[in-house]
Amino acid sequence: MRTAVVLLPALAALGAYYVYLPLPGTMSEPWKLMLMDASFRAIQETCNLVHYLRLSHHLTVLNYVIGVLDKLESPSSELVKIQDTQFDGVEVRVFEPSKKEDKALRRSVVYIHGGGWALASARASSYNNLCKIMTESLKAVIVSIEYRLVPKVHFPEPFNDAFRAAKHFLQPDVLAKYSVDPGRIAISGDSAGGNLAAAVCQQLSRDTSVTNKPKLQALIYPVLQAFDFNTPSYRQNMNMPVLPRFVMIKFWIDYFNGNPDFAHSMVINNHTALDVSQAVPYKGHLNWSSLLPSVFKKNYKPVIQTTGKAEILREIPELLDIRASPLLAEKEILQLQPKTYILTCENDVLRDDGVMYAKRLENAGVEVTLDHFEDCFHGCMIFTVWPTDFSAGLRTRESYIKWLDQNL
Ligand SMILES: *[C@@H]1O[C@H](CO)[C@@H](O)[C@H](O)[C@H]1NC(C)=O
Ligand SMILES: *[C@@H]1O[C@H](CO)[C@@H](O)[C@H](O)[C@H]1NC(C)=O
């Protein structure tokens, strides 16, 4: 009994310590976010233990657990017809409005889901719901790409899958089959899916065999570069749920099947130090001193190492490949991009990736809408269903769909 009296408060204190995170005063629904984050961390740490014991890859286990928690499959509704098929050998889930309004051609969005190139699915209820709601509110055909995930495949395979499926869909006869207006197609995605969407858009814009180009791209808190992990947003939010800086760097390394030990060097930008010659040509593309407004720069100073570790880029040259880091593309490519929407959250390591891409596109003459949310966190747009429902999720989703409705 006496032991219990001592142990219970101790356990409660330990639990509170595990759950509690100092969050900025502007964050909406902070306690709910802390609880969700603590659960997510506990699951991730268990997966890391399984990985450490060499029982399975941590990302395989994590994706399995997420799949169990989030029931896959969700039947067509009265309003939306859902069909799983393949585009050029790549699995896709196509959502169509059930009512075909006469012979009118419909708008369309090619959607690429997020999850660090390793997690989630077009069939996960979160993404399935998002696409259903988009189909209903936009009366559009949504093509959600089921690209293959890390660790089963690595870069460039997820990119290649997304590109092949999008290119297949853009062919005139395929569009005709789905009654899609060739002039009203958007490419979109969130987080790692936003990374793939931006990279697919760049590749489509340069591919002369693609005659029908997308009208828009819409990127939700996209990952766009692996060059600088010390942007103001990476530093300000290094411990922010649901995506701390170190976790993002690990996702990058796993994307390339690189050595996980490099993460500690990449945190301090040792991979792009001044003495690493491969990185030099890109320095100007990613100069946040000139690309970010002062409200985002605050008092942060660039972290530029004089001497670093050249072996990282020697072993993982793909870190500078624009199909992985679209923010590093030349101006000649940027100016070919369609009208763009970028959604960013203040409490997100990736805020500045999005803000810098918006600025570089604008400098290249592209029309850009930057939709910034001061009280939101990374990944919020898919958290709309109990028990992980957030007002941040509903508000970002509404704003995103509204922009598509007005511009597509
Ligand atoms: C980055 O931009 C700042 C401010 O415009 C400028 O002073 C600096 O020389 C630039 N650095 C590089 C590497 O281009
Ligand atoms: C960064 O690189 C420098 C120079 O090679 C090295 O001395 C330092 O240990 C490295 N730091 C990390 C964390 O890798």
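Glycine residues also receive a Cβ, built from the backbone N, Cα and C atoms like all the rest.
What TrEMBL records for this protein:
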type	residues	note
DOMAIN	109-268	domain 'Alpha/beta hydrolase fold-3'
ACT_SITE	SER191	active site
DOMAIN	320-381	domain 'Alpha/beta hydrolase fold-3'
ACT_SITE	ASP348	active site
ACT_SITE	HIS378	active site
*Just the active-site residues from SER191, ASP348, HIS378 whose C-beta lies under 6 Å from any atom of ligand 2, please, or none if there are none.*
none
*Taking only the Cα atoms, work out how far SER191 (active site) lies from HIS378 (active site), in Å, as a whole number.*
8
*Within 10 Å of the Cβ of HIS378 (active site), how many other Cβ atoms can be counted across all chains shown?*
26
*Please work out which residue of SER191, ASP348 has the most C-beta neighbours within 10 angstroms of its C-beta, and give that one of the active-site residues.*
SER191
*In the domain 'Alpha/beta hydrolase fold-3' (320-381), how many residues does DSSP put in helix, strand and coil?*
23 helix, 19 strand, 20 coil
*Determine, to the nearest whole angstrom, how far the Cα atom of HIS378 (active site) is from the Cα atom of ASP348 (active site).*
5
*asked:* I'd like to know the mean pLDDT over the domain 'Alpha/beta hydrolase fold-3' (320-381).
replied: 97
